[in-house]
Amino acid sequence: MRAAGPRARMALALLLLAEASAAASSSAPPLFNVSLDAAPELRWLPVLQHFDRDFLRASMAHIIGDTVPKWVLALIRKAVWELELFLPQPFTDEIRGQCDALNFTLADCILLNLAYESTAFCTSIVAQDSKGNIYHGRNLDYSFGNFLRKLTVDVQFIKNGQIAFTGTTFIGYVGLWTGQSPHKFTVSGDERGWTRKMLVKDISLSKGLSSLSSCISSSFSQMSPMSETNSQPWYPNHSMTVPEVLRRMTVNMCKQNYLTDSYDKGSWWENMIAALFQRHSPVSWLIRTTLSESENFEAAVYELAKTPLMADVYYIVGGTFPQEGVVITRNRDGPADIWPLDPLNGAWFRVETNYDHWKPVPKRDDRRTPAIKALNATGQANLSLETLFQVLSVFPVYNNYTVYTTVMSAASPDKYMTRIRNPS
């Protein structure tokens, strides 16, 4: 390998300056143990004791109120007992235990967890250094940063007295978007299709919800004595069961072509319907299940690639041996693309934001190109967890929405590091 030239050395020096600035404005989240040997309802209670209950309730209420339309909240509150039957354990019982402790309704807490499934716009990198070591880093960008930065925690999940896996999450949220199984593999998830959703939010959210409400009104007009010309807000026919109401809503929305690519495939209400009636896994719950159950990199990739999901996503996985790194582009029913490291042919890193890697990125949200330039400036020989953190600190990879940055290497699990970004 040729020695780095003056331009490369200058670029690396600038990265080091960026790191110094970023480190000065970053802090580590609190670290907690969660015992998997405890009953699911009790696992998170020791963690909750370290947080102000009023703040937790206010944060959850704000996020739900800003994310979930009132008609959905009312329906799910009515349907919560049926909803439980369709969601996997132990996650539902863990949610129940936290909600009981916070005096929050189970319906609201389930909706909060489902809403998080469709709002993770991020950057993930898996890379191999010149000695064959695998490194994995990610920025997680979210709205509600003022709340979430105060709710971010690193968690060591303990089984039989040993660390089974480690992850970074938010209080009240039982899934993981970032995690590590020691000496086995690392994994992160990035939402697929971020720009499309932000356009819906910025331009036509109210129009979209109005269309959905009209669609549902039409559905109920056909099922109840309500007239087709009735413009009043719809209400369920109380002779119908909640699953029947939701199923008929879904059928009617499909007939009306509402569930199309013109709206984000990860929309939370569509995710909810998929979870209910197809028994697909929430994206972040599958990460946690994989961390808990998969014995190695290959098994993790297989599980993450094949399991039916609630929403499209990118799974980024790193192992412990050379060439063990991959980006899995997921449709709900299976893999759309598998993009492995290929260091023997010069592809020693993979960068994934929120767009299919084989397509151009939107100019207004190009985090991919700056990340690639920063990695090339760093060089494979200089790659480490520290320099990977520097790459993730380059604008706009690191931006105003970045809640936390995590760098990790499954071969060195003790070096798992998360830093909260943009602290107030």
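The backbone N, Cα and C atoms fix where each Cβ goes, and this holds for glycine too.
TrEMBL does not curate its annotations; it predicts them automatically.
Going by TrEMBL, these are the annotated features:
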- C122: active site, nucleophile (ACT_SITE)
- 28-84: domain 'Acid ceramidase N-terminal' (DOMAIN)
- 122-199: domain 'Choloylglycine hydrolase/NAAA C-terminal' (DOMAIN)
- N33: N-linked glycosylation site (CARBOHYD)
- N103: N-linked glycosylation site (CARBOHYD)
- N376: N-linked glycosylation site (CARBOHYD)
- N400: N-linked glycosylation site (CARBOHYD)
- 1-24: signal peptide (SIGNAL)
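Sequence features annotated in TrEMBL and their locations in the structure.
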residue : record                      : DSSP class
N33     : N-linked glycosylation site : strand
N103    : N-linked glycosylation site : coil
C122    : active site, nucleophile    : strand
N376    : N-linked glycosylation site : helix
N400    : N-linked glycosylation site : coil
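Note on N376 (N-linked glycosylation site): other Cβ atoms within 10 Å of its Cβ, all shown chains, come to 13. Around the Cβ of N33 (N-linked glycosylation site), the number of neighbouring Cβ atoms within 10 Å comes to 12. The DSSP breakdown of the domain 'Acid ceramidase N-terminal' (28-84) into helical (H, G, I), extended (E, B) and coil residues amounts to 37 helix, 5 strand, 15 coil.
Of all the recorded positions listed here (N33, N103, C122, N376), C122 has the Cα closest to the Cα of N400 (N-linked glycosylation site).
In the predicted model, residues of the domain 'Acid ceramidase N-terminal' (28-84) average a pLDDT of 92.
In space, N33 is the closest of the recorded positions N33, C122, N376 to N103 (N-linked glycosylation site), judged by Cα positions. Across the structure, the residue listed as 'active site, nucleophile' and N376 (N-linked glycosylation site) are spaced 20 Å apart at their Cα atoms.
The Cβ of N400 (N-linked glycosylation site) has 10 other Cβ atoms within 10 Å, all protein chains considered. Every protein chain considered, the tally of other Cβ atoms within 10 Å of the Cβ of N103 (N-linked glycosylation site) stands at 8. Cα to Cα, N33 (N-linked glycosylation site) and N376 (N-linked glycosylation site) are separated by 37 Å. C122 (active site, nucleophile) counts 26 other C-beta atoms within 10 Å of its own C-beta, drawing on all protein chains shown.
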